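Novice: Structure below; questions to follow.
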There are 2 protein chains.
Amino acid sequence: MSEQAKKAVVLLSGGLDSSTVLAIAKQQGYQCYALSFDYGQRSLAELNAASAVAKQLGAVEHKLVRFDMGEIGGSALTDHSISVPEQMEEGVPVTYVPARNTVFLSMALGLAEVVEAEAIFIGVNAVDYSGYPDCRPAFIEAFQAMANLATKAGVEGRQIRIETPLMSLTKAQIIDHGITAGLDYGLTVSCYQADEQGRACRVCDSCRLRAQGFVDAGVEDPTRYQD
Amino acid sequence: MSEQAKKAVVLLSGGLDSSTVLAIAKQQGYQCYALSFDYGQRSLAELNAASAVAKQLGAVEHKLVRFDMGEIGGSALTDHSISVPEQMEEGVPVTYVPARNTVFLSMALGLAEVVEAEAIFIGVNAVDYSGYPDCRPAFIEAFQAMANLATKAGVEGRQIRIETPLMSLTKAQIIDHGITAGLDYGLTVSCYQADEQGRACRVCDSCRLRAQGFVDAGVEDPTRYQD
């Protein structure tokens, strides 16, 4: 691996989408710095999945930033007194974590400056985006404009590009890309309430979108379920 | 205090600038949610100062978010192997924390959504800004544009305003504002290497800018020094 290799920071939750993004970044020839967050979410199984995926795909580093977003609260994914819904809802869902992608991209921006990465990869998707405002193309464009002004790199005329390779793909297309790029989806965990072994509940929004994706892609579902 | 009172999130480090901002927000009639971060910086004395200032000025809540930015590193303020410089430098200083204001504003945005605040106050300053790219007006404007697209509030047509009351003030003018608003500057800590009792070193950039501010304002310096 050349010292001149281009570098990317890849936001990696250990779920289907972000793991596919890591596979795509790697396939595009980037030295990948995977970045995961432990912000008090329910599914620590996801973090174990992130480690396994980073290892499988040969990320040069896998960094974990811990922070306590429970102090901020306001979402079913960080506030344990709100239950995870089993039905799809209208509008912005209660699983929305306030400003989550903004916070994650900001930390990725910091890491990108430090390791001199030229790109940040994030698995946002406008097709299956489920009503999260910070998954829309307009949000990403505005973040890019802000990032160009926020950083030492920007001051010095180097843009850190925000890359969203999944933006316009269906779940089935995402799975096709991941398989082509060599990702083992059996390692990934998407479930909002996976158990400690990373086995999925089968009933939450995330499980159902994922399962339908494997059906639509015509690929056998490698997900490990609790039942 | 009315339930209809307007609310603001105020980023509070416990230093001179952010403490003044809290005093100004309070004076403008906001119910203030002070937000501080423990990100592995050297000066925990600042966090104690933040608590004291939040109490003195009657913030309705003081929230502390802990996160480990040391995993990202790259600055004298989080990487203990880099020493704090005593001389002013050209360009972007080594005390620059990668993407720090972007990260802090992002978390403030999350809290503002949860408590339904209409404004976020931050003590950035373009006069004494010392070369940090994320203290410039253009950065704040770009963050505002991004925030309008990032949030549930934005989707629903409510803007969360980023307020920068110190942007064009000199240090002496900042001190004048704070004294008018009733802030006890003896509680604040600006020093990059304050001791456990919050006493300042007198020699770092931050100490020297602060001391000169009191001289220029014609106000006795209430700072507690180590010598």
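Note that Cβ sites are derived from N, Cα and C of the backbone, with glycine treated the same way.
What TrEMBL records for this protein is below:
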- B:Leu12, B:Ser13, B:Gly14, B:Gly15, B:Leu16, B:Asp17, B:Ser18, B:Ser19, B:Thr20, B:Val21, B:Leu22: ATP binding site (BINDING)
- B:Cys191, B:Cys201, B:Cys204, B:Cys207: Zn(2+) binding site (BINDING)
Novice: Other than its own, how many Cβ atoms are within 10 Å of the Cβ belonging to B:Leu16 (ATP binding site)?
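Specialist: Counting Cβ neighbours of B:Leu16 (ATP binding site) within 10 Å gives 26.
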Novice: According to DSSP, which of helix, strand or coil covers B:Thr20 (ATP binding site)?
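Specialist: DSSP assigns B:Thr20 (ATP binding site) to helix.
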Novice: Whole-number Å distance between the CA of B:Thr20 (ATP binding site) and the CA of B:Cys204 (Zn(2+) binding site)?
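Specialist: Counting only the Cα atoms, the answer is 21 Å.
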Novice: For B:Cys207 (Zn(2+) binding site) and B:Leu16 (ATP binding site), what Cα-Cα distance in Å is obtained after rounding to a whole number?
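Specialist: Cα-Cα, rounded: 10 Å.
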Novice: How far is it from B:Cys204 (Zn(2+) binding site) to B:Leu16 (ATP binding site), counting Cα to Cα, in Å?
Specialist: 15
Novice: How long is the line from the C-alpha of B:Cys201 (Zn(2+) binding site) to the C-alpha of B:Ser18 (ATP binding site), rounded to the nearest angstrom?
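Specialist: Their Cα atoms are separated by 20 Å.
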Novice: Using Cβ atoms only, which residues of the same chain lie under 8 Å from B:Leu12 (ATP binding site) while being at least 6 residues apart in sequence?
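Specialist: Within the chain, B:Leu12 (ATP binding site) has Cβ neighbours under 8 Å at B:Ser18, B:Ser19, B:Val21, B:Leu22, B:Ala34, B:Leu35, B:Ser36, B:Ala50, B:Val53, B:Ala54, B:Ala59, B:His62.
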Novice: Can you give me the residues near the recorded Zn(2+) site, meaning same chain, not B:Cys191, B:Cys201, B:Cys204, B:Cys207 themselves, Cβ no more than 8 Å from the center of the site's Cβ atoms?
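Specialist: Here the nearby residues are B:Ser190, B:Tyr192, B:Gln193, B:Ala194, B:Ala200, B:Arg202, B:Val203, B:Asp205, B:Ser206, B:Arg208.
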Novice: Using a 10 angstroms cut-off on Cβ to Cβ distances, just flag whichever of B:Leu22, B:Cys204 is the loneliest among these binding-site residues.
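Specialist: So among B:Leu22, B:Cys204, the binding-site residues given, the one with the fewest Cβ atoms within 10 Å is B:Cys204.
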Novice: Beyond B:Leu12, B:Ser13, B:Gly14, B:Gly15, B:Leu16, B:Asp17, B:Ser18, B:Ser19, B:Thr20, B:Val21, B:Leu22, what residues of that chain have CB atoms within 8 A of the centre of the ATP site's CB atoms?
Specialist: B:Ala50, B:Val53, B:Gly123, B:Thr188
Novice: Select one residue from B:Cys191, B:Cys201, B:Cys207: among these binding-site residues, choose the one with the most other Cβ atoms within 10 Å of its Cβ.
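Specialist: When each Cβ's neighbours within 10 Å are tallied, B:Cys191 leads.
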